[in-house]
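Q: Copying in the features that TrEMBL gives for the protein in this structure:
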- 177-291: domain 'Phospholipid/glycerol acyltransferase' (DOMAIN)
- 341-364: region 'Disordered' (REGION)
- 355-364: compositional bias 'Basic and acidic residues' (COMPBIAS)
Amino acid sequence: MACCRAYLLIHKASTSRDSKQLTPMKQMRISPIAAFATALLVWQADAFVTQSPSEQRFQRHQLSVASLSEMGEQDKSYVLSQEEVNPLITLGNAPKEKIINGFGLRALAVSLVTGPIWMLAMFLVEQASKVNPEWDPNHAIFDGTGKVWAKVWLGLTDSTPTISGEVQALKEGQGPCLYVANHASWLDIPVLCTVLDPVFKFIAKNELEKVPCIGQQLAGGDHILIDRDDRRSQFRCFKKGVSWLKNGVPLMAFPEGMRSPDGKLMNFKGGVFSMATKTQVPIVPISVGHTHAVMPGNALFPVQAGRGKLHIHVHKPITTTGKSEEELGEEVRAALLSEMPFDQHPEETTMSAKQVEEKELATV
C-alpha cells in the first residue's frame, strides 16, 4: 500500500504541468518504470519509518552483540600499515593526499551504482512532498532514503556494523534528545544511520552541503548546517536546533567539532550541549569503534571490509537538569571512552596496567 501511494505521488509530481512545483527540473519527465523503481526505495524508507516496535526489535537483534568491554576486545586494533593498505591510486600531495586501494575500488563501484538511485529517490520524494506536504512533514521519508542507502552501501561493501547497548530505547519512547558520538572518519555518518531513529537531524558543517548525495540529503532534509566562523550562523543554528527539539525531533552532533586525524578522542568544542540544556532534553552518547581503521583520513574510500570490526554502542541517556555544560562534557566523555577501543583513547587515558601500578606506587 505504501509503495503504491509513493508511486502515485511520484508519478503525479513528475508529470505535473505546474512549473512552480518542479522548479529544479521543471522540464523533466520520469517514466512510469523509473518512478516505480524509485518508489520501491521510498517504500523501504517509509517502512523503515513506520515499523512496529516488534519489527524494529527483530531487526535490531539481528545485529546486536555484547559490547566491546564485555567481550574484552577493546585492546584490538585493526589499523593497517601503509604496506598492508597497498594504495593503487594517489591523488594530491601530503598532507592532503588521498589514496584508493583495491578494496576502495570496490567501494567506488558500489557508490557509482547506488549513488544516482539515492539522488533520484531524494528528488522524487521532494517533488511528491510538494504535491502533498502532509505526506512527509519532518522529512522523515526523505531522510529514510538515505538510511536505506547507508544500509545497502555498507552491506555491499561488507561493512555492516555490530550494535550493542540501549538500542531498543531509541525506538521505545526515547523522544527528543541530543545524540553525541566520537568522530574519527567519514564512515561515521552511514554507520550511525544504521542505528539512529529515522527522524533526527544532523548538526554539521556547512561545507558538507557541497558533497554529492550527502549535501542533497542534509539540505533537503532540513538538517542544521553551521558556519563556525559566523556568529550569526551559530545563533540561527541554535534557534533551529531548539525548535526541532521542542517539536520532538532528536539532534545528532559530534562534540569534537571535526574528524580526529588519528581516531583518538579529542577535546570537545564549547557550546555543543547548549541546545540540550536549553530544552532540558537528555543526551545519549554513542561510541563508534574502528571506523578510522576501515576508512582512515587519507583515504577516499574504505581500505578494508568493516564486518567484524565496526561497532556501535548506545549508552544510557544522561539527564541535563541542573548540570553545567562542563559537567555534561565530563559525563559524556567518560561514557564514550568506556566503550571505545583503546587505540582511540587519548594517550593520557591509555596507560597499561603496569604503568597505572607504577604511577600509584610513585604517589604513595
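Please read every residue number as a count from 1 along the shown chain.
Backbone N, Cα and C atoms are what each Cβ position is placed from, and that goes for glycine too.
Could you tell me the structural context for the features on the list?
A: Counting residues of the domain 'Phospholipid/glycerol acyltransferase' (177-291) by DSSP class, helix then strand then coil, yields 40 helix, 22 strand, 53 coil.
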Q: Average pLDDT across the domain 'Phospholipid/glycerol acyltransferase' (177-291)?
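A: Mean pLDDT across the domain 'Phospholipid/glycerol acyltransferase' (177-291) comes out at 91.
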